[in-house]
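Have a look at the structure below, then the notes.
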Amino acid sequence: MANQAYPLFEKIAPKNTTQRCLDITILYLLISLIVYRILNLSSHGFTWLLAFLCESWFAFLWLLILNAKWSPLKYRTYPEHLLEMVPELPPVDMFVTTADAVLEPPILTINTVLSLLAVDYPSQKLACYVSDDGCSPLTFYSLLEASKFAKLWIPFCNKYNIQVRAPFRYFSREYISLAANSSFQFQQEWTKMKDEYEQLSGKIEAAAQKTVPCELKGEFAVFSDTQRNNHPTIIKVIWDNKEDLSQGLPHLIYISREKRPKQPHHFKAGAMNVLTRVSGLMTNAPFMLNVDCDMYVNNPQIIMHAMSLLLGTKNEKDCGFVQCPQKFYDGPKDDPFGNQLVVLSEYLALGIVGIQGPFYGGTGCFHRRKIICGLWPDDEGNEGTQLTSTDGKSADQDLIMKFGKSNELIQSVSHALKGREDYSRDLKNSIEAAHQVAGCGYEYGTSWGTKVGWIYGSVVEDILTGLRIHSKGWRSTSISPDPPAFLGCAPSGGPASMTQQKRWATGLLEIWLSQNSPIFGTLMGKLQFRQCLAYIWIHTWCLRSIPELCYAALPAYCLISNSNFMPKVHEPAIYILVALFSIYQLYTLSEYLRTGLTIRAWWNNQRMDRIVITGARLFGVLSVITKFLGISETVFEVTKKEQPTSSDGDGDDAEVGRFTFDESPIFVPGTTILLVQLTALTLSLLGLQPPAQNGNGSGLVEVMCSVWVVLCFLPFLKGLYEKGK
């Protein structure tokens with residue numbers, strides 16, 4: 001806890017009166033439309049009933065969104081006060097996870113690692129652990145070579161106070177002009193450093209072209225008889241900062257946990273739990289930062305910003321973890337795939353911060369180790385007492401059932417729960433115990449994945465783990481420093497975007513239908529009611545696909561059958577629809593314009609919402625159904641990461657920004673919707689519809705709705721006839 005002579009952070013509640021009025025207006029119009037449907041239900045047929053059910057779901061979702069956006073909150077940190085208020089900065093363990101050296105090129109991973117090693121924080125307080133779930137000798141080789149480069153890179157960054165510390169970004173065309181306007185000495189060192197990085201990149205690219213990146217002997221001998229899903233534990237201390245140099249190279253450790261066929265490994269959650277146990281034996285820092293392999297540090301002061309919140313809160317309960325918003329670099333202009341999440345972070349996420357705190361996003365997050373080890377807020381002040389039995393012995397049967405059979409690990413957990421930082425840091429002597437806790441059978445009969453660590457049961461382990469933390473009564477906080485804390489690469493094509501969205505939708509619905517549902521977190525835990533509603537909003541992403549698909553099909557059905565699901569143009573109720581549509585579109589457009597985005601970006605996101613909901617999220621529903629029926633198991637699908645272009649490359653690509661396709665059935669619903677709408681419009685224009693019944697035939701409103709759907713799915717029309725991907 002920091003001395004509070006100076007504030008380390010402050011809370012800022014932005015005014016949102018206009019937004020609240022518009023949100024309520026839209027909700028009122030939705031309710032008015034539903035009431036109109038009910039009053040006229042008896043005089044209309046099936047289409048009217050289906051429209052009523054869909055619109056009722058949309059109104060429910062809008063109520064959840066209104067709840068989430070109602071009370072936005074920002075945190076402003078003052079890291080410049082930290083050294084004055086804290087006698088000594090605490091250690092931090094940094095975790096990087098990668099799972100596939102092909103889909104996640106090692107050049108991305110090493111840039112993330114280099115940016116972490118070079119942050120503005122005492123090096124002797126840092127340790128970087130890299131989890132390689134692909135057991136790739138190429139990844140290990142890349143880290144070895146990167147550690148050599150880091151010995152030059154870190155002093156260079158410290159000497160010249162370099163702000164962008166991922167080399168591939170710093171030496172890109174965007175930053176070359178900065179070097180050209182600097183001193184002659186700096187230009188010389190800059191050129192030398194650029195040449196060193198290009199040599200490093202060249203070595204890694206050359207190794208990647210080979211079947212085996214290097215001879216499997218010496219340090220690489222352990223990889224000689226390994227397969228991706230069948231290999232022993234491999235732990236290598238690449239660099240040990242034995243001299244505790246504050247400006248040196250932090251600890252760097254490579255970990256590939258044991259995997260065996262038919263043994264569950266629980267995807268990323270399992271890897272994170274192994275990182276937690278191994279780091280607990282080696283460095284046992286009270287705080288942990290985890291990032292994905294493509295999410296490099298963009299603000300070298302980010303750990304200081306995070307510590308301002310973690311150490312500056314009067315009650316640790318108010319800051320269980322610190323989440324940084326996900327932001328991306330080199331995104332295609334106008335966000336054609338709708339995956340840069342700018343507006344979502346600016347408005348909806350800020351509102352959730354003002355309730356019980358942001359969701360855990362899986363990357364760019366600082367955790368308290370003792371919370372990951374299972375501490376409840378009510379246990380504060382009694383930390384570690386649960387690790388000692390009545391006769392004074394630790395590691396009794398209850399502790400073995402909770403944390404496993406490693407006495408060394410139980411001792412490290414005891415230190416973590418008591419908040420002690422005097423844990424032994426002899427990395428080499430911890431290797432044997434680390435191998436034990438990284439084994440694939442270590443967790444059997446323990447609480448890892450159920451009550452301790454990252455929680456199992458979903459392919460979105462981040463949301464599930466954050467939900468469990470919130471359900472215990474902890475709050476979370478968010479920081480958005482300038483420049484942004486971390487930058488990653490968003491999927492750059494249709495297939496990658498849809499694969500990512502399908503995985504998210506599948507995992508979220510799994511949680512909703514399990515014993516980990518946020519409803520149980522409120523009824524039987526300490527999850528606040530409004531936070532529960534925010535979780536319900538995200539967990540029901542998947543379910544929206546069904547009413548959305550039905551609503552998209554209604555215009556075509558009505559045109560083909562010559563029926564209607566909308567009021568006639570001359571009916572007063574049409575004004576409800578016109579007002580609802582106009583206000584909603586102008587409202588969402590204003591959100592994009594206020595965040596500095598363009599009208600085209602707004603339209604791209606509106607269009608992609610329809611495509612993703614009726615495609616990726618629909619397949620997410622199907623995945624969960626087949627899992628519950630025992631037909632198949634959900635699979636963690638790694639999203640392909642784009643390898644950064646060289647500093648001299650122009651990076652131009654004719655396909656950038658175009659919606660690309662592959663043979664995946666995930667594109668079938670969108671294609672079907674488009675073709676059915678075109679068929680319906682053709683029949684309507686040619687007058688080939690059957691006679692209307694009771695005067696309730698289709699009209700101009702149904703035609704306009706059908707045209708709107710066609711516009712939303714226009715990329716599918718281009719995909720059917722244009723050349724390219």
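Cβ atoms here come from the backbone N, Cα and C positions, even for glycine.
Per TrEMBL, the features are:
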type: TRANSMEM; residues: 21-39; note: transmembrane segment
type: TRANSMEM; residues: 45-66; note: transmembrane segment
type: BINDING; residues: GLU104, ASP133; note: UDP-alpha-D-glucose binding site
type: ACT_SITE; residues: ASP133; note: active site
type: BINDING; residues: LYS268, ASP292; note: Mn(2+) binding site
type: ACT_SITE; residues: ASP462; note: active site
type: TRANSMEM; residues: 532-554; note: transmembrane segment
type: TRANSMEM; residues: 574-590; note: transmembrane segment
type: TRANSMEM; residues: 611-631; note: transmembrane segment
type: TRANSMEM; residues: 666-688; note: transmembrane segment
type: TRANSMEM; residues: 700-721; note: transmembrane segment
I'd like the Cβ neighbour count for ASP292 (Mn(2+) binding site), meaning other Cβ atoms within 10 Å of its Cβ, all protein chains included.
26
My understanding is the cutoff is Cβ-Cβ under 8 Å with a sequence separation of 6 or more in the same chain; which residues meet that for ASP462 (active site)?
PHE359, TYR360, GLY361, GLY362, THR363, CYS365
What else in the chain is close to the transmembrane segment (700-721), if you only count residues 6 or more beyond its ends and a Cβ gap under 8 Å?
494, 552, 554-556, 558-559, 564-569, 574, 577, 606-607, 610-611, 659, 661, 667, 670-671, 673-674, 677-678, 680-681, 684
So if I measure Cβ to Cβ from ASP133 (UDP-alpha-D-glucose binding site) and keep only same-chain residues at least 6 apart in sequence, which ones fall under 8 Å?
THR97, THR98, ALA99, ASP100, SER256, ARG257, LYS259, HIS265, LYS268, ALA271
Segment-segment contact (the transmembrane segment (611-631); the transmembrane segment (532-554)) at 3 or more Cβ pairs under 8 Å:
yes
Return yes if the transmembrane segment (666-688) and the transmembrane segment (45-66) have at least 3 CB pairs under 8 Å (sequence gap of 6 or more), otherwise no.
no
ASP292 (Mn(2+) binding site) and GLU104 (UDP-alpha-D-glucose binding site), Cα-Cα, nearest whole angstrom:
10
Among all the protein chains here, how many other CB atoms are within 10 A of the CB of GLU104 (UDP-alpha-D-glucose binding site)?
25
Apart from its near flanks, which chain residues at least 6 from the ends of the transmembrane segment (45-66) lie with a Cβ under 8 angstroms of it?
23-24, 26-27, 30-31, 33-34, 37-38, 348, 533-534, 536-537, 540, 544, 547-548, 550-551, 554, 557-558, 563-566, 693, 696
Give the nonlocal contacts of the transmembrane segment (574-590) in its own chain as ranges (CB under 8 Å, at least six residues past its ends).
22, 25-26, 29-30, 32-33, 36, 343, 566-568, 599, 602, 606, 701
Intrachain neighbours beyond the transmembrane segment (532-554), with Cβ under 8 angstroms and 6 or more residues off its ends:
47, 50-51, 53-55, 57-58, 61, 64-65, 67-68, 352, 355, 359, 463, 467, 504-506, 508-509, 511-512, 517-519, 521-522, 565, 610, 613-614, 617-618, 620-621, 624, 669, 673, 676, 705, 709
So for LYS268 (Mn(2+) binding site), how many other CB atoms are inside 10 Å of its CB?
22
